[in-house]
(Lines of atoms letter the chains of each structure in order from A and count residues from 1; the text may use other names and numbers.)
(Lines give C-alpha, C1' and ligand atoms only; values in the text may rest on other atoms or scores of the structure.)
Protein backbone atom coordinates (compact mmCIF):
# COMPACT_ATOMS: atom_id res chain seq x y z
CA UNK A 1 0.00 0.00 0.00
CA UNK A 2 2.80 2.40 0.82
CA UNK A 3 4.52 1.65 -2.48
CA UNK A 4 1.34 2.50 -4.39
CA UNK A 5 0.92 5.74 -2.48
CA UNK A 6 4.50 6.68 -3.16
CA UNK A 7 4.14 5.91 -6.86
CA UNK A 8 0.92 7.93 -6.97
CA UNK A 9 2.50 10.86 -5.20
CA UNK A 10 5.53 10.69 -7.43
CA UNK A 11 3.48 10.89 -10.63
CA UNK A 12 2.17 14.39 -9.87
CA UNK A 13 5.42 16.25 -10.56
CA UNK A 14 5.81 14.31 -13.80
CA UNK A 15 2.41 15.49 -15.02
CA UNK A 16 2.96 19.06 -13.90
CA UNK A 17 6.33 19.50 -15.56
CA UNK A 18 5.10 19.83 -19.22
CA UNK A 19 2.44 22.34 -18.15
CA UNK A 20 4.88 24.55 -16.26
CA UNK A 21 7.59 24.56 -18.95
CA UNK A 22 10.22 26.13 -16.66
CA UNK A 23 8.02 29.14 -15.66
CA UNK A 24 6.55 30.18 -12.41
CA UNK A 25 2.93 29.42 -11.67
CA UNK A 26 1.91 33.06 -11.45
CA UNK A 27 3.43 34.06 -14.86
CA UNK A 28 0.82 33.95 -17.76
CA UNK A 29 1.40 32.43 -21.19
CA UNK A 30 1.82 35.08 -23.99
CA UNK A 31 0.05 32.78 -26.53
CA UNK A 32 -3.09 32.78 -24.38
CA UNK A 33 -3.05 36.57 -24.31
CA UNK A 34 -2.68 36.77 -28.12
CA UNK A 35 -5.63 34.42 -28.75
CA UNK A 36 -7.75 36.33 -26.26
CA UNK A 37 -6.98 39.67 -27.93
CA UNK A 38 -7.82 38.26 -31.39
CA UNK A 39 -11.20 37.01 -30.16
CA UNK A 40 -11.99 40.38 -28.59
CA UNK A 41 -12.29 42.12 -32.04
CA UNK A 42 -15.87 42.32 -33.36
CA UNK A 43 -17.19 42.52 -36.92
CA UNK A 44 -17.99 46.24 -36.68
CA UNK A 45 -14.37 47.06 -35.87
CA UNK A 46 -13.07 44.95 -38.76
CA UNK A 47 -15.45 46.56 -41.25
CA UNK A 48 -14.37 50.03 -40.17
CA UNK A 49 -11.07 49.54 -42.03
CA UNK A 50 -12.82 49.74 -45.43
CA UNK A 51 -16.28 51.27 -45.12
CA UNK A 52 -16.86 52.01 -48.83
CA UNK A 53 -17.12 49.77 -51.87
CA UNK A 54 -14.43 50.86 -54.34
CA UNK A 55 -15.48 48.46 -57.11
CA UNK A 56 -18.82 49.97 -58.11
CA UNK A 57 -19.97 50.52 -61.69
CA UNK A 58 -22.04 53.62 -60.98
CA UNK A 59 -21.60 56.95 -62.80
CA UNK A 60 -18.53 58.92 -61.82
CA UNK A 61 -18.00 62.67 -62.01
CA UNK A 62 -15.10 64.05 -64.02
CA UNK A 63 -12.75 65.90 -61.66
CA UNK A 64 -12.36 69.57 -62.46
CA UNK A 65 -8.86 70.87 -63.08
CA UNK A 66 -9.19 73.73 -60.56
CA UNK A 67 -10.38 71.62 -57.64
CA UNK A 68 -8.17 69.21 -55.77
CA UNK A 69 -9.56 65.93 -54.50
CA UNK A 70 -10.33 65.85 -50.81
CA UNK A 71 -7.71 63.99 -48.79
CA UNK A 72 -8.77 60.67 -47.41
CA UNK A 73 -8.92 60.45 -43.62
CA UNK A 74 -5.93 58.80 -42.05
CA UNK A 75 -6.21 55.51 -40.30
CA UNK A 76 -4.42 56.64 -37.16
CA UNK A 77 -7.70 57.14 -35.34
CA UNK A 78 -8.75 53.63 -36.39
CA UNK A 79 -5.49 52.23 -35.09
CA UNK A 80 -5.96 54.02 -31.80
CA UNK A 81 -9.49 52.73 -31.48
CA UNK A 82 -8.44 49.19 -32.38
CA UNK A 83 -5.46 49.35 -30.02
CA UNK A 84 -7.35 50.98 -27.22
CA UNK A 85 -10.33 48.65 -27.17
CA UNK A 86 -8.48 45.46 -26.25
CA UNK A 87 -6.72 47.28 -23.41
CA UNK A 88 -9.99 48.05 -21.64
CA UNK A 89 -11.25 44.51 -22.07
CA UNK A 90 -8.11 42.81 -20.80
CA UNK A 91 -8.55 40.81 -17.62
CA UNK A 92 -6.83 42.18 -14.53
CA UNK A 93 -4.42 39.29 -14.33
CA UNK A 94 -2.60 40.44 -17.57
CA UNK A 95 -0.72 43.54 -16.38
CA UNK A 96 2.87 42.81 -17.26
CA UNK A 97 4.62 44.98 -19.83
CA UNK A 98 6.22 42.07 -21.67
CA UNK A 99 2.89 40.44 -22.36
CA UNK A 100 1.42 43.70 -23.76
CA UNK A 101 4.36 44.32 -26.06
CA UNK A 102 4.36 40.76 -27.44
CA UNK A 103 0.57 40.85 -28.05
CA UNK A 104 0.41 44.27 -29.76
CA UNK A 105 3.21 43.63 -32.23
CA UNK A 106 1.51 41.04 -34.53
CA UNK A 107 -1.85 42.85 -34.35
CA UNK A 108 -0.40 46.21 -35.40
CA UNK A 109 1.43 44.55 -38.27
CA UNK A 110 -1.77 43.00 -39.60
CA UNK A 111 -3.65 46.31 -39.39
CA UNK A 112 -0.85 48.19 -41.14
CA UNK A 113 -0.79 45.68 -44.00
CA UNK A 114 -4.57 45.92 -44.47
CA UNK A 115 -4.51 49.72 -44.43
CA UNK A 116 -1.62 49.87 -46.91
CA UNK A 117 -3.45 47.43 -49.22
CA UNK A 118 -6.59 49.57 -49.10
CA UNK A 119 -4.57 52.69 -49.94
CA UNK A 120 -2.92 51.03 -52.93
CA UNK A 121 -6.26 49.70 -54.24
CA UNK A 122 -7.80 53.16 -53.80
CA UNK A 123 -5.01 54.76 -55.79
CA UNK A 124 -5.27 52.27 -58.62
CA UNK A 125 -9.08 52.59 -58.82
CA UNK A 126 -9.00 56.40 -58.79
CA UNK A 127 -6.24 56.52 -61.41
CA UNK A 128 -8.10 54.10 -63.72
CA UNK A 129 -11.39 56.01 -63.37
CA UNK A 130 -9.69 59.36 -64.04
CA UNK A 131 -7.99 57.99 -67.18
CA UNK A 132 -11.31 56.64 -68.48
CA UNK A 133 -13.01 59.99 -67.88
CA UNK A 134 -10.24 61.77 -69.78
CA UNK A 135 -10.72 59.49 -72.78
CA UNK A 136 -14.49 59.91 -72.68
CA UNK A 137 -14.23 63.66 -72.32
CA UNK A 138 -11.87 63.98 -75.27
CA UNK A 139 -14.12 61.81 -77.47
CA UNK A 140 -17.31 63.72 -76.64
CA UNK A 141 -15.71 67.15 -76.91
CA UNK A 142 -14.50 66.58 -80.47
CA UNK A 143 -16.55 68.63 -82.91
CA UNK A 144 -16.28 66.67 -86.22
CA UNK A 145 -17.71 63.51 -84.63
CA UNK A 146 -20.87 65.32 -83.53
CA UNK A 147 -21.23 67.02 -86.91
CA UNK A 148 -20.83 63.75 -88.83
CA UNK A 149 -24.08 62.17 -87.58
CA UNK A 150 -26.13 60.70 -90.42
CA UNK A 151 -29.67 62.03 -90.25
CA UNK A 152 -30.98 61.07 -93.72
CA UNK A 153 -31.27 57.59 -95.19
CA UNK A 154 -28.70 57.32 -98.01
CA UNK A 155 -30.14 56.64 -101.43
CA UNK A 156 -28.83 53.88 -103.62
CA UNK A 157 -27.09 54.90 -106.79
CA UNK A 158 -28.67 54.30 -110.15
CA UNK A 159 -27.80 51.04 -111.81
CA UNK A 160 -25.73 51.24 -115.00
CA UNK A 161 -28.59 49.62 -116.93
CA UNK A 162 -30.95 52.46 -116.04
CA UNK A 163 -28.61 55.08 -117.45
CA UNK A 164 -28.31 53.42 -120.84
CA UNK A 165 -30.43 54.90 -123.65
CA UNK A 166 -33.08 52.85 -125.40
CA UNK A 167 -31.71 50.60 -128.12
CA UNK A 168 -32.97 50.49 -131.71
CA UNK A 169 -34.92 47.29 -131.03
CA UNK A 170 -36.82 48.92 -128.16
CA UNK A 171 -37.59 51.96 -130.26
CA UNK A 172 -38.77 49.82 -133.20
CA UNK A 173 -40.90 47.47 -131.07
CA UNK A 174 -44.00 49.70 -131.19
CA UNK A 175 -43.31 51.08 -134.65
CA UNK A 176 -46.06 49.02 -136.38
CA UNK A 177 -49.37 50.82 -136.06
CA UNK A 178 -52.91 50.16 -137.24
CA UNK A 179 -54.04 52.22 -140.22
CA UNK A 180 -57.58 52.68 -138.88
CA UNK A 181 -57.18 53.31 -135.13
CA UNK A 182 -53.47 54.19 -135.01
CA UNK A 183 -52.71 51.83 -132.10
CA UNK A 184 -49.79 49.43 -131.78
CA UNK A 185 -50.16 45.96 -133.29
CA UNK A 186 -47.40 44.09 -131.45
CA UNK A 187 -48.21 40.90 -129.56
CA UNK A 188 -47.68 42.46 -126.17
CA UNK A 189 -50.15 45.28 -126.79
CA UNK A 190 -52.84 43.24 -128.61
CA UNK A 191 -52.99 40.38 -126.08
CA UNK A 192 -56.40 40.35 -124.29
CA UNK A 193 -56.27 41.37 -120.63
CA UNK A 194 -58.02 38.84 -118.34
CA UNK A 195 -59.74 39.76 -115.11
CA UNK A 196 -57.43 39.82 -112.08
CA UNK A 197 -57.46 36.66 -109.99
CA UNK A 198 -55.36 37.81 -107.00
CA UNK A 199 -57.34 40.87 -105.91
CA UNK A 200 -58.20 39.58 -102.40
CA UNK A 201 -56.07 39.71 -99.22
CA UNK A 202 -53.45 42.07 -100.64
CA UNK A 203 -52.80 39.87 -103.71
CA UNK A 204 -52.08 36.79 -101.60
CA UNK A 205 -55.28 34.76 -102.11
CA UNK A 206 -56.05 33.33 -105.57
CA UNK A 207 -59.74 33.87 -106.32
CA UNK A 208 -60.75 34.26 -109.95
CA UNK A 209 -64.22 35.23 -111.17
CA UNK A 210 -64.71 31.84 -112.84
CA UNK A 211 -64.09 30.00 -109.56
CA UNK A 212 -66.55 32.26 -107.76
CA UNK A 213 -69.27 31.38 -110.26
CA UNK A 214 -68.49 27.63 -110.14
CA UNK A 215 -68.71 27.43 -106.36
CA UNK A 216 -71.62 29.86 -106.09
CA UNK A 217 -73.86 27.99 -108.54
CA UNK A 218 -72.83 24.44 -107.44
CA UNK A 219 -71.36 23.63 -110.86
CA UNK A 220 -68.32 22.23 -109.03
CA UNK A 221 -70.50 19.26 -107.98
CA UNK A 222 -71.46 18.60 -111.61
CA UNK A 223 -67.82 18.75 -112.69
CA UNK A 224 -66.84 16.27 -109.99
CA UNK A 225 -69.59 13.85 -111.03
CA UNK A 226 -68.62 13.99 -114.71
CA UNK A 227 -64.96 13.50 -113.85
CA UNK A 228 -65.60 10.24 -111.96
CA UNK A 229 -68.13 8.88 -114.49
CA UNK A 230 -66.05 9.46 -117.64
CA UNK A 231 -64.10 6.47 -118.98
CA UNK A 232 -61.99 8.29 -121.53
CA UNK A 233 -58.85 9.95 -120.22
CA UNK A 234 -58.91 12.54 -123.01
CA UNK A 235 -62.52 13.58 -122.32
CA UNK A 236 -62.79 17.21 -121.19
CA UNK A 237 -66.45 17.18 -120.26
CA UNK A 238 -65.65 17.86 -116.63
CA UNK A 239 -63.88 21.12 -117.47
CA UNK A 240 -66.76 22.55 -119.53
CA UNK A 241 -69.98 20.60 -118.76
CA UNK A 242 -72.27 23.01 -120.70
CA UNK A 243 -70.32 22.73 -123.96
CA UNK A 244 -72.35 21.70 -127.04
CA UNK A 245 -69.39 20.85 -129.29
CA UNK A 246 -68.00 17.96 -127.23
CA UNK A 247 -69.19 14.35 -127.11
CA UNK A 248 -72.14 13.11 -125.03
CA UNK A 249 -73.82 16.48 -125.20
CA UNK A 250 -77.38 15.11 -124.69
CA UNK A 251 -76.33 12.91 -121.80
CA UNK A 252 -74.63 15.78 -120.02
CA UNK A 253 -77.54 18.17 -120.42
CA UNK A 254 -80.01 15.51 -119.23
CA UNK A 255 -77.90 14.80 -116.15
CA UNK A 256 -77.66 18.51 -115.36
CA UNK A 257 -81.47 18.86 -115.73
CA UNK A 258 -82.05 16.08 -113.21
CA UNK A 259 -79.51 17.54 -110.77
CA UNK A 260 -81.11 20.99 -111.05
CA UNK A 261 -84.20 19.59 -109.30
CA UNK A 262 -82.08 18.99 -106.19
CA UNK A 263 -79.69 21.92 -106.76
CA UNK A 264 -81.75 24.88 -108.00
CA UNK A 265 -78.70 27.13 -107.98
CA UNK A 266 -77.62 25.45 -111.24
CA UNK A 267 -80.19 27.59 -113.08
CA UNK A 268 -78.07 30.66 -112.26
CA UNK A 269 -74.97 29.31 -114.00
CA UNK A 270 -75.77 30.46 -117.53
CA UNK A 271 -76.78 34.03 -116.57
CA UNK A 272 -73.68 34.33 -114.38
CA UNK A 273 -71.54 33.07 -117.25
CA UNK A 274 -72.97 35.77 -119.53
CA UNK A 275 -72.23 38.49 -116.96
CA UNK A 276 -68.68 37.21 -116.73
CA UNK A 277 -68.19 37.53 -120.48
CA UNK A 278 -69.54 41.07 -120.39
CA UNK A 279 -67.24 42.09 -117.56
CA UNK A 280 -64.28 40.51 -119.32
CA UNK A 281 -64.95 42.51 -122.49
CA UNK A 282 -65.27 45.81 -120.61
CA UNK A 283 -62.08 45.21 -118.65
CA UNK A 284 -60.17 44.30 -121.80
CA UNK A 285 -61.39 47.39 -123.65
CA UNK A 286 -60.22 49.66 -120.85
CA UNK A 287 -56.82 48.10 -120.15
CA UNK A 288 -55.62 46.84 -123.53
CA UNK A 289 -53.43 49.49 -125.16
CA UNK A 290 -53.10 47.78 -128.56
CA UNK A 291 -55.31 47.49 -131.58
CA UNK A 292 -58.59 45.51 -131.48
CA UNK A 293 -59.42 45.76 -135.15
CA UNK A 294 -59.88 42.45 -137.00
CA UNK A 295 -59.14 43.42 -140.59
CA UNK A 296 -56.87 46.40 -140.90
CA UNK A 297 -53.68 47.35 -142.64
CA UNK A 298 -50.43 47.72 -140.77
CA UNK A 299 -48.37 50.85 -141.21
CA UNK A 300 -44.75 51.16 -140.18
CA UNK A 301 -44.08 54.43 -138.43
CA UNK A 302 -40.54 55.74 -138.08
CA UNK A 303 -39.52 56.92 -134.64
CA UNK A 304 -38.07 60.42 -134.92
CA UNK A 305 -34.54 60.80 -133.68
CA UNK A 306 -34.01 63.85 -131.53
CA UNK A 307 -30.61 65.51 -132.10
CA UNK A 308 -28.58 66.39 -129.01
CA UNK A 309 -28.93 69.88 -127.70
CA UNK A 310 -26.01 72.28 -127.68
CA UNK A 311 -25.77 74.09 -124.40
CA UNK A 312 -24.10 77.25 -125.67
CA UNK A 313 -24.40 80.70 -124.26
CA UNK A 314 -26.49 83.12 -126.34
CA UNK A 315 -24.45 85.79 -128.09
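Heads up, the Cβ atoms here are built off N, Cα and C, so glycines get one too.
According to Swiss-Prot, the protein has these features:
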- 1-15: compositional bias 'Polar residues' (COMPBIAS)
- 1-39: region 'Disordered' (REGION)
- 20-32: compositional bias 'Basic and acidic residues' (COMPBIAS)
- 51-140: region 'Disordered' (REGION)
- 108-140: compositional bias 'Low complexity' (COMPBIAS)
- 118-315: region 'Required for interaction with CAV1' (REGION)
- 177-291: domain 'SPR' (DOMAIN)
- 178-315: region 'Required for interaction with TESK1' (REGION)
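Secondary structure of the domain 'SPR' (177-291) per DSSP (helix as H, G, I; strand as E, B; remaining residues coil): 61 helix, 5 strand, 49 coil. For the region 'Required for interaction with TESK1' (178-315), the model gives a mean pLDDT of 79.
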